[in-house]
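Only one structure is covered here, and it is reproduced in the block below.
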Amino acid sequence: MGLLIDGKWHDQWYDTKATQGKFVRSQSQFRNWIVSPDQFDANDATHFPAESGRYHLYVSLACPWAHRTLIFRHLKQLEPHISVSCVHPHMLENGWEFKNEQGFADSQVPSGDPLHDFQFAHQLYTHANSEYSGRVTVPILWDKQQHTIVSNESADIIRMLNSAFDHLTGNQDDFYPEALHDEIHALNERIYDTVNNGVYKAGFATTQAAYEEALYPLFESLEFLEQRLANASYLTGEQVTEADWRLFTTLIRFDAVYHGHFKCNLKRIVDYPNLSTYLERLYNTQQVAATVNLEHIKQHYYYSHDTINPTRVVPAGPKTLFRPEI
Ligand SMILES: N[C@@H](CCC(=O)N[C@@H](CS)C(=O)NCC(=O)O)C(=O)O
């Protein structure tokens, strides 16, 4: 675990001393956009054209932020147009590594860096910007033509994938419909702060106060979502949107990892009937299940964060992520 400073790798854990034990997530720095041909402006340096075969997505199958982008690539039928590969689940002194290990092979996503054969993800960042300072995170959306990072922000990447390539795929499914923008933004804001990032704030807290400051709002939000799903299949009603997929990748990791490893243990997702049914509904949507690799998920968190779990023992359970039939 570490970061780049002026293009040089430094192995260091998150510093929470200056923030009273609180984990503060840093902003993603590559914020360009792939845009559809009708909106593409060649004079805008942040615009990248939506072309088949031009882009590569680097993900971690363990990471909930990267998982969102993998789901959108699948739902929008972008597999033939955007190539993908994954890092090894263990993120240690060199950060994310590209390493083939038979035991961690995934049936859908190859591991490694097929474009440069780099050993570490930080080499992609310095290849894009030799002076880069900051964290080396996944997902990374890479442009094979300009040899650079288009974006390392999952929230932006799923918006691009939602519509920019529609002319190539013919897939018009819209997970960010105009009429629901306000509702989606409000949901995203609360869910990002208290749930998606909330579990990390609880898990990486180094003081009791910082932990509790994240924990209670997290469970208030889960209660709020449980109520909201009492009479609706999805967060905004009967249409599945990006707000659901953004929540999904946290919920699917919750009982297996966040409940134990991040101490988010007031309740499990299986203890919420509506949330649990909802989670299973999303999991069973259009083979999204194939994007979930529980082995990578558990190995990553329990093995990589040795300040939290120094023995690196990975728990065997839970036996099921869904509510047993009653
Ligand atoms: N805001 C980013 C966050 C991505 C992120 O933090 N990814 C984690 C993996 S779950 C990571 O790569 N962490 C490495 C680090 O912080 O050094 C996004 O949503 O894309």
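Quick reminder: no glycine exception, Cβ is built from N, Cα and C everywhere.
Computed from a predicted structure; not experimentally measured.
Database features, via TrEMBL:
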ACT_SITE  Cys63  active site, nucleophile
ACT_SITE  Tyr200  active site, proton donor/acceptor
BINDING   Trp96, Arg135, Val136, Thr137, Val138, Glu153, Ser154  glutathione binding site
DOMAIN    166-304  domain 'GST C-terminal'
SITE      Tyr258  site 'Lowers pKa of active site Cys'
SITE      Tyr301  site 'Lowers pKa of active site Cys'
Entries of Tyr200, Tyr258, Tyr301 (recorded positions) sitting next to ligand 1, with Cβ under 6 Å as the cut-off: none
Proximal residue to Tyr301 (site 'Lowers pKa of active site Cys') among binding-site residues Trp96, Thr137, Val138, Ser154 (C-alpha distance): Trp96
Residue from Cys63, Tyr200, Tyr258 whose C-alpha is spatially nearest that of Val136 (glutathione binding site), among the recorded positions: Cys63
Same chain, 6+ residues apart, C-beta under 8 Å of the C-beta of Trp96 (glutathione binding site), given in sequence order: Ser60, Val87, His88, Phe120, Ala121, His122, Val136, Val138
Fewest Cβ neighbours within 10 Å, where candidates are the recorded positions Tyr200, Tyr301: Tyr200
Distance check against Tyr200 (active site, proton donor/acceptor) for the recorded positions Cys63, Thr137, Glu153, Ser154, Tyr258, keeping those with Cα within 10 Å: Tyr258
Rounded Cα-Cα span from Cys63 (active site, nucleophile) to Thr137 (glutathione binding site), Å: 10
Same chain, 6+ residues apart, C-beta under 8 Å of the C-beta of Tyr258 (site 'Lowers pKa of active site Cys'), given in sequence order: Val199, Ala202, Gly203, Thr250, Cys264
Binding-site residues compared (Val138, Glu153) - highest count of Cβ atoms within 10 Å: Val138
Rounded to the nearest Å - Cα separation of Ser154 (glutathione binding site) and the residue listed as 'active site, nucleophile': 11
Pairwise Cα distance maximum in Å, glutathione-binding residues per record: Trp96, Arg135, Val136, Thr137, Val138, Glu153, Ser154: 17
